[in-house]
């Protein structure tokens, strides 16, 4: 039974192979005529059925409309491969997670705690101010200086490494450079700054304050110029401050900053009391101790708000203690705050806003939820795992953001180029923060990287936006707080609650009130969806084919069939041509068999083998006739088994 089925299957494939070897059995012309006569597409049938003139007309129309179909198909395929998206927008109100709120004091350290550390640095800055400041006491706006600081003792360890200089550009081709801390230059009788014959404008145009940045043991130096002495001093002060505090342990720096109970005086959320204990501490390189409300870290439950308005949001009273500000560090007295997602790192310096002391600041929040399509529709990243940059902010258990990626990328370049890490960013594994003792050339290297356009563009190209992101749009309004009639009792109560003092220790210069709440419409969802898909592509391809030529999928199959048949015939013809060519190459030059040796010998001795030039006709020798049979049947008999007939 099984052997019989195998035999039948073998015979079936044998016959199929024979049919393939023989081909369709038609010529090209016969195939085209058959296709035009049997296809369901409109147009080709008219080419073979109509008269000569109409044949030409229908042939041209068929070619034109076929070209239009292929052109439209090309446009549709290109549109599909462009992976376009459609954007939908929805606005409304619903119960939502309240954003995480990070608050900082713009002054990172209490001056009373760090004054011993900064004594020498502050004296240096005061001396520099005396030597570059201007006075408008006279009509000529002459420069005045403080003689009491003429004999001040300057610590060379602080200023020799990165000195402040004044560049005299009276002769642009040959500028003169003076060290601000050099007493012999600035207090000589003929020093340039004591010249009172020039006014303030000419002085500002002539003299520029700069930082001198040197590498390779002071053999290669550049000057970082500033348009204002204030900018130069503050930049230089920040740099020196970072060098000083790089040797201070983090725990000590935290103790030198503002405690949560000192900064956050009162707290209400949704009408329910809260306190500084509901805030999570985080240390910021620029602002010191910062505190985050509703961060959602370490399994903490996040808080939600179900109603709009200030009564259902967060209310805070902050005290920034302006009398504890470092005099040469911060020129702005305010609180710095930022609204961000839960479990995301707050980049307060770059994305935060200020809250002014002596005011009540109300912030109405609208949540923008952005949802982008993944690759290939966009270059966004889902969680940052496909970004070739190590996220240094993972130690805070925070989610991916483009800000964290850019800073991690810059820190990697810093470690690679300068051989040390910058103190403002997290420390990569196997590296150390920059110090003057171990890395004497790190400051010029840092400024070179910071000013490098190529480094910024490289990091921007590596870092991608997250596919799902949330932004908080804020409408901010302010009013004086407290009012003149209420400030006395409010300050008494706040002072007592802060340090149990009956004396007023809180004043308008440091007090801030914040109201953060949802607007009437608290969310706006902007989401992307694919503008084209396979269903869209197939329907449009079929629509164009049906509109221009009245065809369908079966017509495409018919067209594919004739193409396969034509290719089949072409292959068979090519194989036959190759086979015939091989046979011609293998065919002998002479049709008769070659003569034997004896025949060749006899040809030289027997003249009968010589060529006869005359027209001699040899008589035919009569042959033997064939035998007589009653019948002669010559037929090709092909044995056919009974199974095959069945």
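Cβ atoms here come from the backbone N, Cα and C positions, even for glycine.
Record note: among 16-36, 37-57, 58-78, 58-78 is the stretch given as transmembrane segment by Swiss-Prot. Your range for transmembrane segment, going by Swiss-Prot and the list 552-572, 573-593, 594-614, 615-635, is 552-572. Reduced to three states, the DSSP call for residue 221 (disulfide bond) is strand. Annotation: 405 are the disulfide-bonded residues among 405, 420, 434, 445 whose CA atoms are within 10 angstroms of the CA of residue 459 (disulfide bond). Look at residue 459 (disulfide bond): DSSP puts it in a helix. A simple Cβ count within 10 Å picks out one of the disulfide-bonded residues 104, 267, 418, 420, 463 as the most packed, and that one is 104. Distance noted between the C-alpha atoms of residue 405 (disulfide bond) and residue 104 (disulfide bond) is 23 Å. Between the C-alpha atoms of residue 420 (disulfide bond) and residue 221 (disulfide bond), the distance comes to 20 Å.
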